[in-house]
Amino acid sequence: MVRYTWAFAALGCVSPVVSALTYESHPERLDAVAEAFQRAWNGYYTYAFPNDSLAPITKTSYNDRNGWGASAVDAISTALVMGNKKVVNEIVDHITTINFNMTSPDDTSVSLFETTIRYLAGMLSAYDFLSGPLSDLLDDPASLDTILKQAVSLADTLSVAFTTSSGVPINDLIYNGPEGPVPDRTETTNGIATIGTLVLEWTRLSDLTGDTKYAELTQTAEDYLLNVRNPGVGEPYPGLIGTDVNVTNGLFVDSSGGWNGGTDSFYEYLIKMYLYDTARFAEYKDRWSLAVDSSIKYLASHPSSRPDLTFLAAYEGAGPANLSFFSEHLACFDGGNIILGGLTLNNQGYIDFGLELVAACHDTYTATVTGIGPEIFQWQDSKLAPNATNNAAPPANQSSFYETAGFWITDPVYDLRPEVIESFYYAYRATGDSKYQDWAWEAFLHINATCSAGVGFSSVMDVNAPGGGGFYNQQESFWFAEVLKYSYLIQAEEAPWQVSAAHDNEWVFNTEAHPFRVAGTPV
Ligand SMILES: *[C@@H]1O[C@H](CO)[C@@H](O)[C@H](O)[C@H]1NC(C)=O
Ligand SMILES: *[C@@H]1O[C@H](CO)[C@@H](O)[C@H](O)[C@H]1NC(C)=O
Ligand SMILES: *[C@@H]1O[C@H](CO)[C@@H](O)[C@H](O)[C@H]1NC(C)=O
Ligand SMILES: *[C@@H]1O[C@H](CO)[C@@H](O)[C@H](O)[C@H]1NC(C)=O
Ligand SMILES: *[C@@H]1O[C@H](CO)[C@@H](O)[C@H](O)[C@H]1NC(C)=O
Ligand SMILES: *[C@@H]1O[C@H](CO)[C@@H](O)[C@H](O)[C@H]1NC(C)=O
Ligand SMILES: *[C@@H]1O[C@H](CO)[C@@H](O)[C@H](O)[C@H]1NC(C)=O
């Protein structure tokens, strides 16, 4: 074990140290995570590259991200922070060959959101690392410029998505027709996560190239989410907004939301934009605080069988009768994001609330047979009447599980998702408490034991069945980008890209865990 001491002073306070955190690195754990990365990479590179994803059991490939080599591009920033030079250069060589004007014929619908968070972000993060602190890892310096040119080529091709009368983009583009990529105009609305999780990547691209048009496109769209034009429908609680926006006029079409998939990373990026540049994105920080304050006030919910746990409810309009007491693995990023905001804004209340959410998501792992949490789960709220129509009791065959666990499982899949370990990472960086490193290590061991399959890792059908209940034979690209990165960084030595509690953050992670260099004063 290697021990580091990190001192930090309160923001705006000239008196010296008010508190000190101690971080420890665990080389043997790092080796185990690096082994998993190399094994998954070897399987992918041997049997699936340059297609998107590995089917590890059949040793075949499939294209689920348009055939541009999603697993490779998504893996690059993890290979970088692990110092895996060979893999870094294999991926760089690939990036220089991609033609973003065409897709693989077996996958021709391009998601603006997925393409931005995985491909565009992977390339921008690689550019930031290879032009900065990890430049030693690049074999051919000439390829650095090509990486940025490829990012520009991709964004130029995707820009047609913003050609709507409001400027709110259409998420899906149809490729390979005679007229080139065109927005799928049968989509008349777009969701706040897919609209609101572009602004970090496209702003970074503008800042790196000096061409403001990419930032402008995404910030124009984001403005409809920051300043809701029809708040009676679109903003049922202060700062907590609806899900779908009409791309013609920018008006919200519903009052549903929360921190689950479909809305999640819109909130995540509000505080990350402020971290990226405090001067330009102060309004985003204010909206984030408003949303978190409302979440604490209106959405925090404790299961009737385990009032010690805290989850965030979803809503379909204002008022307790409109709450839905379910959450998701995807939503478990919430604790980590609220901790990050607490660190950034010097707000211990946010940090404490985030730690409560992290503990409850940890419980979703420890309660199951595999030690891995489910895709979707539900609970009965302890404060609302047990006979309220939106406060159902668990089904009979899960009531004893609910009594001890505090939730029951409504979708038992594990898709190699990162959010629970991601939040352990932020909890550790904020507190220095080695408990969170142990939680991440135990989660990694359980995932490694359950999901290792064939020549890589596979999603599993049932986290509460022995062995995970069977494999789907699919290895998502975010396994490389996120699970393995957070599992590694939480055990790793200090580095400039590690999240810091000392108000000196020089890097911010996109929603796919690709670190970008911040543009403003570190905060
Ligand atoms: C990649 O996908 C294409 C199109 O489906 C297929 O023809 C090719 O054999 C695949 N390559 C690998 C390495 O799996
Ligand atoms: C892709 O399309 C753009 C815009 O039409 C063009 O400038 C570029 O050269 C094309 N790239 C390739 C690799 O075909
Ligand atoms: C979007 O707004 C346009 C223009 O007001 C309207 O014609 C259309 O019906 C709306 N679509 C939806 C899905 O609300
Ligand atoms: C639930 O939300 C709907 C839609 O916003 C609203 O009309 C209704 O009044 C809400 N119900 C309660 C009990 O607040
Ligand atoms: C719930 O139970 C309370 C107390 O028994 C009763 O007054 C109320 O009418 C019930 N509500 C519903 C929706 O059944
Ligand atoms: C509980 O019962 C339902 C309905 O019969 C069934 O679909 C579900 O698989 C069962 N769940 C468990 C965990 O046994
Ligand atoms: C991870 O799983 C692989 C394959 O089963 C195994 O060889 C390795 O020892 C495991 N790592 C740890 C740390 O348990």
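Backbone N, Cα and C atoms are what each Cβ position is placed from, and that goes for glycine too.
TrEMBL: automatically predicted annotations, no manual curation.
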Of the candidates Cys332, Cys451, the one sharing a disulfide with Cys361 in TrEMBL: Cys332
For Thr511 (Ca(2+) binding site), the one of Glu114, Cys361, Glu375 that lies nearest, given that the recorded positions are compared by Cα: Glu114
Cα-to-Cα gap, Cys361 (disulfide bond) vs Glu419 (active site), nearest whole Å: 9
Among Glu114, Glu375, Glu419, which are recorded as active-site residues, the nearest neighbour of Asp264 (active site) by Cα: Glu419
Cβ atoms near Glu114 (active site, proton donor) (within 10 Å, other residues, all chains): 19
Candidate recorded positions Glu114, Cys332, Glu375, pick with smallest Cα gap to Glu419 (active site): Cys332
Packing count at Cys332 (disulfide bond) (other Cβ atoms within 10 Å of its Cβ): 29
Cα separation, Cys332 (disulfide bond) to Glu375 (active site, proton donor) (Å, whole number): 10
Most crowded position, judged by CB atoms within 10 A, among Glu375, Glu419 as active-site residues: Glu419
